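Per Swiss-Prot, these features apply:
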type	residues	note
DISULFID	C234-C236	disulfide bond
DISULFID	C268-C271	disulfide bond
Amino acid sequence: MSDLPDTDFTQRFIFDDRDIRGEWVALDDSYAAVLARHAYPQPVATLLGELMAATSLLVGALKFDGLLILQARSAGPIPLLMVECSGERDIRGMARYEADQIAADATLAQLMPDGHLTLTIDPVKGQRYQGTVELDGKNLSECFTNYFVQSQQLNTRFWLNAEGGKARGLLLQQLPVDRQRDEEEREDSWQHVIALANTLKPQEWAEANETLLHRLYHEDAVRLFDIQPLRFKCSCSRERSGNALVSLGEQDAKQLVEECGGKVEIDCQFCNERYFFDASDVAQLFAGGGTDTASETRH
């Protein structure tokens, strides 16, 4: 097998002789783009990378047109981790943290005590779905596995890794009865693929996906599907920032500009882009003129 040149993608695979499917994700450039915009401490960067990998795996597995949002919240040193990924596989992520409370060797329970994980699916068509569970696990891989134990009948396991500026993830899921109808045989198959995935070593995560999957499952009939590219893309814009000002009402928007010394700044928490609006910009907004794309923005 040849190594794939792509750096950011998901790839689905199935076991031809077993009722099991998998999904692999690799995030290099998109993860690097998120980290380049924020000086996250390593424990925060690691958790955010793992959450990006998990979000990508779910988008690849669910196949929908819309937006998938994952939020992990707590009252601890990391009050928020948030990742959004669209059906077109545009991904962005951010974190809020208390820098003086982040220990390099802190566990998930110490960084996000009494935390909750919320999954939101906002489809272009259809009903919005949201589910919340406790962050129940020693790491995010266990938390996502436990989430699916509570919400689905099908066995599902996650493996997540974010080290060396690369985020990776593996999802395995048992499918409804088809090829294997004997319950004991199904359980043996599931334990077989799980046991092999558990042999993954930290240094192996950076390898090409085809190489790694072949090493794990070379004795099984595994069929890989086409890769689906991912990219970092922030959905913020000057127009959206202007709409936020309009939502305040004309009087409050003008007052805000005055209180800010003649120019209000709206920052994107995902990509750190800053949008500035002065009195003339606000007047133009409420006159129905929209936003001037030539006005000042900064990274």
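Glycine too: its Cβ is placed from the backbone N, Cα and C atoms.
Overlay of Swiss-Prot feature records on the structure.
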{"residue": "C234", "record": "disulfide bond", "CB count, 10 Å": "19"}
{"residue": "C236", "record": "disulfide bond", "CB count, 10 Å": "18"}
{"residue": "C268", "record": "disulfide bond", "CB count, 10 Å": "20"}
{"residue": "C271", "record": "disulfide bond", "CB count, 10 Å": "20"}
Distance, C271 (disulfide bond) to C236 (disulfide bond) (CA atoms, angstrom): 8
Rounded inter-Cα distance in Å - C268 (disulfide bond), C234 (disulfide bond): 9
C234 (disulfide bond) - helix vs strand vs coil (DSSP): coil
Integer Å distance between the CA atoms belonging to C234 (disulfide bond) and C271 (disulfide bond): 7
